[in-house]
């Protein structure tokens, strides 16, 4: 099959992204250009050429280094949240995307362990909401970590094992809980936002110049190698002036950042473990997606930044409980074929409240933007339709 040049016609004039041998996809600017590129990078047979995907750590003509004001975040606050001193951060902007910042793994050595532990052990606990609540009992979902850790610890890479409950986790919502059916937030769907994640978010937002950012809602996505995140815009928040923060842990992914409509060809970029993205200003309401999770070369391995053990002693009391060696064994086993992403948002503008709406306390999964290739989730122990298959079908044409 002959190679085709893939040209990304972005708002700032267009730039050559790379090549693909996928002759079925002739990518020119036009209707639904985003979806065409999404399908290209999602393809496994044949796999897409990744030479045109921006890797911020390796430089690119569209990538510019950016200096943050050193007085915006003091070293003590950064250290308590597991972050390096601000002067050591590697921050980048992207031509054509005002308000978009990419921070290349600013975490202190070993501190990703602690945040992964929070995402797997603590954040899925009640009163937070997760996808498993739709077809499992409260007793079954009350302690996903406790019911899965031994199964994960003993999992063998050489044979196909039955999935643990924790591996069936797809999303968790924090603070104001996003309603997947109505695509809204509501004052009736609220639980306390985790104080540790709020402080981490405030540190990052302050470092980027957003001192009044209030972390009010979080959506945690749990990906496996067959997962993707469909094309969407995060516009349900009533406040669009504050940034959206995105934290990535585990395996890498391709992230597509587009324009204000799907006719604009998106820019593909890599997100690695520890990387943080900040979408603000004109980039706050851009279409984006994750078409592909990329395993670390070598198979069933963790990125090097996750192999560094955390420091045993710190000068200041840590913000969160350190992830123990035994707990990390479980986390590491999980991350060998998975990725976790935390997005944090401010929902309400300062001094504003929700408009009057009907009671939306009924949690449903009628619509979302998650895709799972060959996913068995929801079929075991569930007599109704596979809600995630339904979700995937509804978003296949996004």
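Indices start at 1 and increase along the chain as displayed.
Positions of Cβ are set from backbone N, Cα and C atoms, glycine also.
A quick note: this is a predicted structure, and the numbers were derived from the prediction, not measured.
Summarising the annotation, TrEMBL assigns Fe cation binding site to 232, 234, 288. The annotation domain 'Fe2OG dioxygenase' is assigned in TrEMBL to 214-348.
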Protein Cβ atoms within 10 Å of residue 288 (Fe cation binding site), excluding its own: 21
Sparsest-packed of the listed binding-site residues (232, 234) - C-beta count within 10 angstroms: 232
Composition by DSSP (helix, strand, coil) of residues within the domain 'Fe2OG dioxygenase' (214-348): 17 helix, 51 strand, 67 coil
